[in-house]
Amino acid sequence: MEGPLSVFGDRSTGEAIRSQNVMAAASIANIVKSSLGPVGLDKMLVDDIGDVTITNDGATILKLLEVEHPAAKVLCELADLQDKEVGDGTTSVVIIAAELLKNADELGKQKIHPTSVISGYRLACKEAVRYINENLIVNTDELGRDCLINAAKTSMSSKIIGINGDFFANMVVDAVLAIKYTDTRGQPRYPVNSVNILKAHGRSQMESKLISGYALNCVVGSQGMPKRIVNAKIACLDFSLQKTKMKLGVQVVITDPEKLDQIRQRESDITKERIQKILATGANVILTTGGIDDMCLKYFVEAGAMAVRRVLKRDLKRIAKASGATILSTLANLEGEETFEAAMLGQAEEVVQERICDDELILIKNTKARTSASIILRGANDFMCDEMERSLHDALCVVKRVLESKSVVPGGGAVEAALSIYLENYATSMGSREQLAIAEFARSLLVIPNTLAVNAAQDSTDLVAKLRAFHNEAQVNPERKNLKWIGLDLSNGKPRDNKQAGVFEPTIVKVKSLKFATEAAITILRIDDLIKLHPESKDDKHGSYEDAVHSGALND
């Protein structure tokens, strides 16, 4: 039902708005559907100024879309949330949410109230998470490093670097293990941001390399400076080191020309005093986000220190965190006096400028507070390097999650098929209206194995039926419970034991994607009224340039 309002806008209510929301969600899911799985296809996105992005990553695709419909925006934000929280599973979370909405709409057409559907979905989600944690998880302790490599390979399988999965999986696992540190509670932590990824196009993917230490895409400020410093004391500055000049508007009236030289000399001395304060604390590596002029460089060269200018703020923050330094935006303290203390310095075993691949880089090795690692990516062109970076980010997040949660689940649609059988049986044990909603939830989960099979050019109906038969047997017959690891083998088009094949995903990816998808679907299902206000018309007395052209006012 649509009708005018006393407010300046339109109103849609009831069935109409619900169907509209479901269609919007389905159209968003259809965009990313074909990119799911190891044989998913890539999307080329061109923005309004002509920048091209070629990607397979669900979160990136949806981030670059200009979406107007409010329900569709919810799904785009959902993918972004999954990317930030877990790092992987962004495509599947959107597909599941859209399928849940589609099936809820079918129930709505059968006159089942949305509140019953919502409570059924909540119940099904809770039960599904419990079933995963009790029956489908594999502890990583019994699998060791191989498990981490397999989880990374599974994450990369659908990406551009999947063809060299073994090479990149080892690189990712080594990088994540290199940045491990223990927090105040004694828990191991793996800050993925400590892995700096640099891209250089040219050469092949296989010439990418992992470097221990933080790699800075900068060079020393002057050729006269040392290229290697052992036992480095690092000063991190967020301001320019340049000759102090009097501010604009300051007028100095002098009668003696020699006084002019004294003023210039004093300007130089102020800068020299600043630099002496920094060097007096023992600092021998100075990193700044601003510029360093020639006069300041001369003082650093004389002191035998290494100075690097135009460091990215992001890099400076990470180096400060790793080395234990304090980033200073000014030397002035609260009293207005300029001071610099030794406690503000960070420490590293070695800072060296090296030629890696085709570029000169500065490496900061064995920092005091935390260790760091860097990956230099090589690829044919910029599009390829960007997509490789996104793929590596997903893989790094997956390995981090496996190490933190210490559990994985089989991939290839195994979890979804097992849950669909379990929830169907669970639904029949319910004697209330929620039974229908739980059964629809179970059916919705099958969209993942279905889509995987369709994208791999296989017969999805046949494959999913076989998969369900295996999982039903596993749940009915305790002697054959090992069949619960059966998932899809998409290259050969048949079911297989994915635990033996090493197709693993972190448990948290599956659990979070189920929870997030259910919550997003419920958020949209609760909407039964849309009031859209019209934009205010601006009364422009003078009119626009186009109006003037049409009226002929410019022809005089």
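Quick reminder: no glycine exception, Cβ is built from N, Cα and C everywhere.
Not measured: the values here are computed from a predicted model.
The N-acetylmethionine annotation in Swiss-Prot covers Met1.
The phosphoserine feature in Swiss-Prot is assigned to Ser6 (among others); the stated evidence is similarity to another entry.
The C-beta environment of Thr90 (ADP binding site), restricted to residues of the same chain at least 6 apart in sequence and closer than 8 Å, consists of Asp57, Gly58, Ala59, Leu62, Ala79, Gln82, Asp83. The ADP binding site annotation in Swiss-Prot covers Gly37, Gly89, Thr90, Thr91, Ser92, Ser158, Lys159, Gly412, Glu505 and rests on similarity to another entry.
The ATP binding site annotation in Swiss-Prot covers Gly37, Gly89, Thr90, Thr91 and rests on similarity to another entry. Listed in sequence order, Val32, Lys33, Ser35, Leu36, Gly40, Asp57, Gly58, Ala79 are the same-chain residues six or more apart from Thr91 (ATP binding site) with CB atoms under 8 A from its CB.
Within its own chain, Asp88 (Mg(2+) binding site) has Ser155, Asp394, Cys397, Val398, Arg401, Glu505, Pro506, Val509 as residues 6 or more apart in sequence whose C-beta sits under 8 angstroms from its own. Summarising the annotation, Swiss-Prot assigns Mg(2+) binding site to Asp88.
Using a 10 Å Cβ-Cβ cutoff, Tyr181 (phosphotyrosine) registers 13 neighbours. Here Swiss-Prot flags Tyr181 as phosphotyrosine, drawing on similarity to another entry.
Listed in sequence order, the residues of the same chain lying 6 or more apart from Lys199 (N6-acetyllysine) and placing their CB within less than 8 Å of its CB are Ile376, Leu377, Gly379, Asp382, Cys385, Asp386, Met388, Glu389. Look at Swiss-Prot and you will find Lys199 (among others) tagged as N6-acetyllysine.
The feature N6-acetyllysine is assigned by Swiss-Prot to Lys400 (among others). According to its DSSP assignment, Lys400 (N6-acetyllysine) is helical.
According to Swiss-Prot, the feature N6-acetyllysine maps to Lys494 (among others). Spatially close to Lys494 (N6-acetyllysine) yet at least six residues away along the chain are Leu463, Lys466, Leu488, judged by Cβ distances under 8 angstroms.
Residues or ranges marked as phosphoserine by Swiss-Prot: Ser544 (among others).
What Swiss-Prot lists as phosphoserine is Ser551 (among others).
In the three-state DSSP reading, Asp88 (Mg(2+) binding site) counts as coil. Candidate binding-site residues: Gly37, Gly89, Ser92, Lys159. Nearest to Tyr181 (phosphotyrosine) by Cα distance: Gly89. In this structure the C-alpha atoms belonging to Lys400 (N6-acetyllysine) and Lys159 (ADP binding site) are separated by 19 Å.
Listed in chain order, the extra residues whose Cβ falls within 8 Å of the Cβ center of the ATP site residues Gly37, Gly89, Thr90, Thr91 are Val32, Ser35, Leu36, Gly58, Asp88, Ser92, Val93, Val94, Ile95, Ser158.
Here the binding-site residues are Gly37, Gly89, and the one ringed by the most other CB atoms within 10 angstroms is Gly89. Gly89 (ATP binding site) sits 13 Å from Lys159 (ADP binding site), counting Cα to Cα.
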